[in-house]
Amino acid sequence: MLDVLTKRKNTVTPTDRVAPKRPTGDLSLVLVLGLAAMIVSMMQTLVVPILSIIQSDLGTTTANVSWVTTATLLSAAVFTPLLGRFGDMHGKKPTLIGVLLLMIAGSVLAATTTSLLWLIVGRVLQGAATAIFPLALSVLREEIPPAKLHGAMALVSGTLAVGSGLALVAAGLLTRGSDPDYHRVFWLAVGLAALALVGVVLRVPSSRATTGGRTDWLGAGTLAALLVLLLLPISQGHEWGWSSARTIGLFVAAVVMAGVWVLVERKVRAPMVDMGMFAHRPVLFTNLAGLFLGFAMFSQFIGVAYLAQMPKELTGYGFGASVLRASVEYLLPTTLISLLAAQFGGILVGRIGARFTLAVGAVFGVAGFAWLTLAHDTSASIILAGLLIGVAISFGYAAMPALIVASVPHHQTGIANGLNSISRSVGSAIASAVITSLLASKTIQHLPAGAPALPAESQFTLSFAIAGVAFVLIVAVALVGLTKGAAQEYTVGKTADAAATDDDDAAAADETAVETVGVTS
């Protein structure tokens, strides 16, 4: 299969060459991009604790209000690869500015509307912000000297975990009280996005390495259709029924569309996604690791949040915590350790290589979920296990961009990291579906009359065990899939004659790409 995907030849234009890095305020640039990336994860997580408030205020059903999260997931799947590629072609700074403007527009709409339909439209616009992360990594690769790139990428990546945790705390604080107003949460998003926009305008330099060319609208459209057909049944399957004709039909349609997308990208002259790059072993296995990491991270978030809120007097387990207490006491420590561990992850990438950093982090994750599986009856166990998982997430976020950057040419950095972001989003969507279905599949019997259905404790145990298996699979990917011999940059297909006449340009680009990160020890 890999041979089939890599047969197609492409050409590299002179504008793909990488100019020497110019002096910049490295720290201020990294902080601005870190803030922008943090907003991405905050935007995705902010609404999770307030869905019940939105449902009550708008007088809608649980199934309808779930589209507030589903719409953003689908929007991110469509926009992230398209805008990542657009940034490669036409410049990262203008693309970042455009994305943040969409984020602000969507947040203002969500903050002012009292209609579920327009709220969903606002969330669709917010979903475009997911493209900020791969664009930020592209800027770092272009502007930060190689000696500092490991730490810079690790810090920006680490802000994703921080944003998720802070969003939960912020949502809890802004909606506490007897008359909670969910609109405040979206006004917070407006303010943060505006702050990031000012930072991008003032501190992010204009791109010097762009490819130009036409946008592959056919490839973008088929990829968007594929992701929507895949993510829609994953996110709504628990409502529709996993064996329903609608769910199965959409999964089948996704498989068909995947074949159509591959055929389209192999035929068009300037594909949005180079199939050779997509199937290149380091890229392919890094995306697989991203899928597992997204699954494990979201499993911890959902599992711990629900477990902490279980009323012990009815279930015999849990801590009866409010949303705010669950966020601050049980999830915020994971967030804080992720930020602290980010720099250590960057150092490890430079010293032992990205794939071994990924493996070391995954071992921490296995230990953390093993702890949760075996002992989740005390607050100390939940918090300490969360610290181990936080280190695992942070090391994973530090290693994966390094693996991608070292494995693709400069002009494909945006689209390659965009696809990796999508893989994590798909993993998170699968985790949400799996954990929700598991918790609903077995409930406690003989509850008092009028009490809501509550999951059996064994379902939390099973959920944590499955998440631990995801980290075991990451270890396997790092040590077996990402072998030393496979950790080489993908060379965009050139004919032998073209390569012979362009040795200097290719050598310059390869040298810049290879020197940035260590993939192996």
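Placement of Cβ uses the backbone N, Cα and C atoms for every residue, glycine included.
Record features, source TrEMBL:
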TRANSMEM  27-54  transmembrane segment
DOMAIN    29-486  domain 'Major facilitator superfamily (MFS) profile'
TRANSMEM  66-84  transmembrane segment
TRANSMEM  96-118  transmembrane segment
TRANSMEM  124-140  transmembrane segment
TRANSMEM  152-173  transmembrane segment
TRANSMEM  185-205  transmembrane segment
TRANSMEM  217-235  transmembrane segment
TRANSMEM  328-349  transmembrane segment
TRANSMEM  356-374  transmembrane segment
TRANSMEM  380-400  transmembrane segment
TRANSMEM  421-440  transmembrane segment
TRANSMEM  460-482  transmembrane segment
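Between the transmembrane segment (27-54) and the transmembrane segment (217-235), the number of CB pairs under 8 angstroms, six or more residues apart, is fewer than three, so the stretches are not in contact. Looking only at the domain 'Major facilitator superfamily (MFS) profile' (29-486), the predicted model's pLDDT averages out at 88.
As a quick check, the transmembrane segment (66-84) and the transmembrane segment (421-440) clear the bar of 3 or more Cβ pairs under 8 A, pairs 6 or more apart, so the two touch.
The transmembrane segment (328-349) is not in contact with the transmembrane segment (460-482), judged by fewer than 3 CB-CB distances under 8 Å for residue pairs 6 or more apart in sequence. Counting Cβ pairs under 8 Å to the transmembrane segment (356-374), the stretch among 96-118, 185-205, 380-400, 421-440, 460-482 with the most such contacts is 380-400. Tertiary neighbourhood of the transmembrane segment (460-482): same-chain residues 281-282, 285-286, 288-289, 292-293, 295-296, 299-300, 302-303, 306-307, 317, 355-356, 358-359, 361-363, 365-366, 368-370, 372-373, 376, 392, 396, 399, 403, 427, 431, 434-435, 438-439, 519, selected by CB-CB distance under 8 Å and a gap of 6+ residues from either end. Across the candidate stretches 152-173, 185-205, 217-235, 380-400, 421-440, the maximum count of CB pairs under 8 A to the transmembrane segment (96-118) is reached by 185-205. Most Cβ pairs within less than 8 Å of the transmembrane segment (421-440), among stretches 152-173, 185-205, 217-235, 380-400, belong to 217-235.
Within the same chain, the transmembrane segment (152-173) packs against the transmembrane segment (380-400): three or more Cβ pairs sit under 8 Å, each pair at least 6 residues apart.
Away from its own ends, the transmembrane segment (217-235) comes close to residues 66, 69-70, 73-74, 77-78, 81-82, 85, 246-248, 250-251, 253-254, 257-258, 260-261, 264-265, 268, 271-273, 422, 425-426, 429-430, 432-433 of its chain (Cβ-Cβ under 8 Å, at least six residues beyond either end).
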